[in-house]
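Undergrad: Below you will find the structure I want to go over with you.
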């Protein structure tokens, strides 16, 4: 049974990835392309105006030499990155995500009372989306290339994944406690208490974790918002469609399961 659910989860992830690719291509690529164009134009202007660049006391200064961009060969063209590369990346991510989701679903089956597979799929996807995507992104939202700094990207990435780890741990703790709270206080009151527990933990983590303010003042605010909304929309479509497709498959596969 777990093997069947795993295959269905991976297939549901693939279908959801195709939908997410469509959203990424239509809504995500335009702001990303404009951001890259801004970055390239800024680099050309900087290269003409600043011949000398000092990195620090321990590192010698060096002169940037102009290069003819027409003679530079791109390893992967922007066109390939925005089509084949984008689809491949989303497909690998969504298939892997679908497989993990199916395993979590199989573990959770029957542990949250008499709930149908489709409803359980939606519930787990909502909890995972909040814990894995929404909360970490509220603290450390995604930025297009020109809005980030090479000096802070490592720190920012580490903090993002630490925030994700705290959020996932808080979700697991609150859902485990929620099962006992539902028995004691009822479904609605127990669920509300579990949600409050989760929010308190992630709010405390968000307060304690340092902020990383790396967006230049000159960067377009509207372009930054458009990129972040598109990034969140891609994830929302991916998780929602995966939950719906997998829930439908799970309902069919578990018809003989006793509720």
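Using the three backbone atoms N, Cα and C, a Cβ is placed for every residue, glycine included.
Computed from a predicted structure; not experimentally measured.
According to TrEMBL, the protein carries these features:
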{"type": "TRANSMEM", "residues": "84-107", "note": "transmembrane segment"}
{"type": "TRANSMEM", "residues": "119-138", "note": "transmembrane segment"}
{"type": "TRANSMEM", "residues": "158-178", "note": "transmembrane segment"}
{"type": "TRANSMEM", "residues": "190-209", "note": "transmembrane segment"}
{"type": "TRANSMEM", "residues": "229-250", "note": "transmembrane segment"}
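In the displayed structure, how are the listed features positioned relative to their neighbours?
TA: Residues 1-2, 5-6, 8-14, 16-18, 20-21, 24-25, 29, 76, 117, 120-121, 124-125, 128, 238, 242, 246, 250 of the same chain, all 6+ positions outside the transmembrane segment (84-107), place their C-beta atoms under 8 angstroms from a C-beta of that stretch.
Beyond the ends of the transmembrane segment (158-178), by six or more residues, the same chain brings 127-128, 130-132, 135-136, 139-140, 190-191, 193-195, 197-198, 201-202, 205-206, 209-210, 212 to within a C-beta distance below 8 angstroms of the stretch.
Here the transmembrane segment (190-209) has Cβ contacts under 8 Å with residues 135, 138-139, 159, 162-163, 166-167, 170-171, 173-175, 177-178, 180-184 of the same chain, all six or more residues outside its ends.
Residues 5, 8-9, 11-13, 15-17, 19-20, 23-24, 27-28, 31, 90, 94, 97-98, 101-102, 105, 117-122, 124-126, 128-129, 133-134, 137, 142 of the same chain, all 6+ positions outside the transmembrane segment (229-250), place their C-beta atoms under 8 angstroms from a C-beta of that stretch.
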